[in-house]
Amino acid sequence: MNTLFMHCRPGFEGEVCSEIAEHAARLNVSGYAKAKTGSACAEFVCTEEDGAQRLMHGQRFAELIFPRQWARGVFIDLPETDRISVILAHLREFPVCGSLWLEMVDTNDGKELSNFCKKFEVHLRKALLNAGKLVDDPSKPRLLLTFKSGREVFMGLAESNNSAMWPMGIPRLKFPRDAPSRSTLKLEEAWHHFIPRDQWDERLHGDMTGVDLGAAPGGWTWQLVNRGMLVTAIDNGPMAESLMDTGLVQHLMADGFTFVPKQPVDWMVCDIVEKPARNAALLETWIGEGHCREAVVNLKLPMKQRYAEVKRLLERIEEGFKARGIRVEIGCKQLYHDREEVTCHLRRLETAKKTKAR
């Protein structure tokens, strides 16, 4: 079980390889990363039998940027018939698992396996339960089967509290019919990823205020309004009338990079298409100057050296706050709804503590 298998957005396999190789080196896990461009997956093959397990135990999945999902395990070939017997035979070396997910990679070929996986899961789950290899226990590892085809599957394990919260790392979010653009799902997914669900009522509630920089037509503003917040939308373009009719939105025709709120707000969100260094500087300024407590900002990626650029910007942000003497939580992820970009979340810790006395 010396291979770490990872899902990702097609075209970002190289970034996954660079990122996981760096963490493996930090944890003294020897091996090599490999991937095929456009395959929507990557592997890190460890030279030691326990390498993949040590790598997963030493690294929090939520802190990885480009991998959508991961599991440690092995590839096995399957026959056309009686696949279950072959899987059960290989599972003799596996521990009893607490849950089962069948996955496929995010490519056209992978999507064609969706119906097969749905039907096959019913029979496989029954067989695993009867064999005593599957129980309902989240404290036990999750069994992840990623089908590359009907004849090849990666059998892997991952801890449910240190892996993706959705199969393949793809959220099942419904587009709100009254939202003005599909970009609204990007911010909703960011909240799921960066904020524990049991903290939403505390950190995303109707007594809060927010600013949306580059807001038009209002996809991200809609999410803030949907939580009951009073929102200042900054954009020279028009906002959706449905949002303005809520009475919760003030639209200011202004430049998102020069606007400063008269009073500090709880949230700043920004999805402006601009050079990533400029958006990163905006993020540092708003949190550092105390204009907001939490922020979600998208960083558009260059064509080359994308992981290196993201890492450089995150290090610059972190060093900037250290120089200011400000403690912050910094998160960064290429979300499913992101394209050539990553989403950053920052939370100023001192400010968050002070607000509890309100």
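Our numbering is plain: 1 for the first residue shown, then up by one each step along the chain.
Including glycine, each Cβ sits where the backbone N, Cα and C put it.
Cross-referencing S183, S242 with the S-adenosyl-L-methionine binding residues that Swiss-Prot gives (A216, P217, G218, G219, D235, D255, D271) picks out S183. Across the residues the record lists as binding S-adenosyl-L-methionine (S183, A216, P217, G218, G219, D235, D255, D271), the two Cα atoms farthest apart are 20 Å from each other.
S183 (S-adenosyl-L-methionine binding site) and K300 (active site, proton acceptor) have their C-alpha atoms 14 Å apart, to the nearest angstrom. All chains included, 19 other C-beta atoms sit within 10 angstroms of the C-beta of P217 (S-adenosyl-L-methionine binding site). Taking the C-alpha positions, the distance from G218 (S-adenosyl-L-methionine binding site) to K300 (active site, proton acceptor) comes to 19 Å.
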